[in-house]
Amino acid sequence: QSTVHIVGDNTGWSVPSSPNFYSQWAAGKTFRVGDSLQFNFPANAHNVHEMETKQSFDACNFVNSDNDVERTSPVIERLDELGMHYFVCTVGTHCSNGQKLSINVVAANATVSMPPPSSSPPSSVMPPPVMPPPSPS
């Protein structure tokens, strides 16, 4: 059975007080193929645009994206494809102030999902070396 996820729950789709609000909201949820996201926002205040790439999402780079912007609340986005999906508000500086959501969509019959990666993992950090356990003395 599919689930409708109300983005931001009672907060809705708005410029959050914390830039991590939407990533924290998504962290505790499993998004499956066939589910939907519902974005609720005041008329003319916000919009919803699905970004093509993580790079565009991270940079809030939505040049030439006017064609695909949904402006009438509530916006329902059906999750039909596996993998990462990136949603932003293209109004003013809303995206750069944290009004953006990335989610990982898993198969409808998946039993366990991994949490999505953090929005900006460090690229130059090496994992710590694996040390053998001390030998018993």
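Every residue, even glycine, has its Cβ placed from backbone N, Cα and C.
For Gln1 (pyrrolidone carboxylic acid), the Cβ neighbour count at a 10 Å cut-off comes to 6, with all displayed protein chains included. What Swiss-Prot records for Gln1 is pyrrolidone carboxylic acid, and it gives experimental evidence as the kind of evidence.
Residues or ranges marked as domain 'Phytocyanin' by Swiss-Prot on the basis of sequence analysis: 3-107.
The Cu cation binding site feature in Swiss-Prot is assigned to His46, Cys89, His94, Gln99. Residues near Cys89 (Cu cation binding site) in space but far in sequence (CB under 8 A, at least 6 apart, same chain), listed by position: Trp13, Val15, His46, Asn47, Val48, His49, Cys95, Gln99, Lys100.
Residues or ranges marked as disulfide bond in Swiss-Prot (evidence: experimental evidence): Cys60-Cys95.
The N-linked glycosylation site feature in Swiss-Prot is assigned to Asn109. Secondary structure at Asn109 (N-linked glycosylation site), as computed by DSSP, is coil.
Feature annotation from Swiss-Prot assigns region 'Disordered' to 112-137.
If you look up Swiss-Prot, you'll see 114-137 marked as compositional bias 'Pro residues'.
Annotated 4-hydroxyproline per Swiss-Prot: Pro115 (among others), in sequence order, evidence recorded as experimental evidence.
Here Swiss-Prot flags Pro116 (among others) as 4-hydroxyproline.
The annotation 4-hydroxyproline is assigned in Swiss-Prot to Pro117 (among others).
According to Swiss-Prot, the 4-hydroxyproline annotation covers Pro121 (among others), on the basis of experimental evidence.
Taken from Swiss-Prot, the feature 4-hydroxyproline covers Pro122 (among others), and the record attributes it to experimental evidence.
Under the heading 4-hydroxyproline, Swiss-Prot lists Pro127 (among others), citing experimental evidence as support.
Taken from Swiss-Prot, the feature 4-hydroxyproline applies to Pro128 (among others).
Annotation comment: Swiss-Prot describes Pro129 (among others) as 4-hydroxyproline.
What Swiss-Prot records for Pro133 (among others) is 4-hydroxyproline, and it gives experimental evidence as the kind of evidence.
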Do you know which of the recorded positions Gln99, Asn109 has the most other C-beta atoms within 10 angstroms of its C-beta?
Gln99
Which residues, in sequence order, are found in the same chain with Cβ within 8 Å of the centroid defined by the Cβ atoms of His46, Cys89, His94, Gln99 at the Cu cation site, excluding those residues themselves?
Trp13, Ser14, Val15, Phe41, Ala45, Asn47, Val88, Thr90, Val91, Gly92, Cys95, Asn97, Lys100
Find, for the listed disulfide-bonded residues Cys60, Cys95, the residue with the lowest Cβ contact count at a 10 Å cut-off, counting only other Cβ atoms.
Cys60
Euclidean distance between Cα atoms of His94 (Cu cation binding site) and Cys60 (disulfide bond), Å:
9
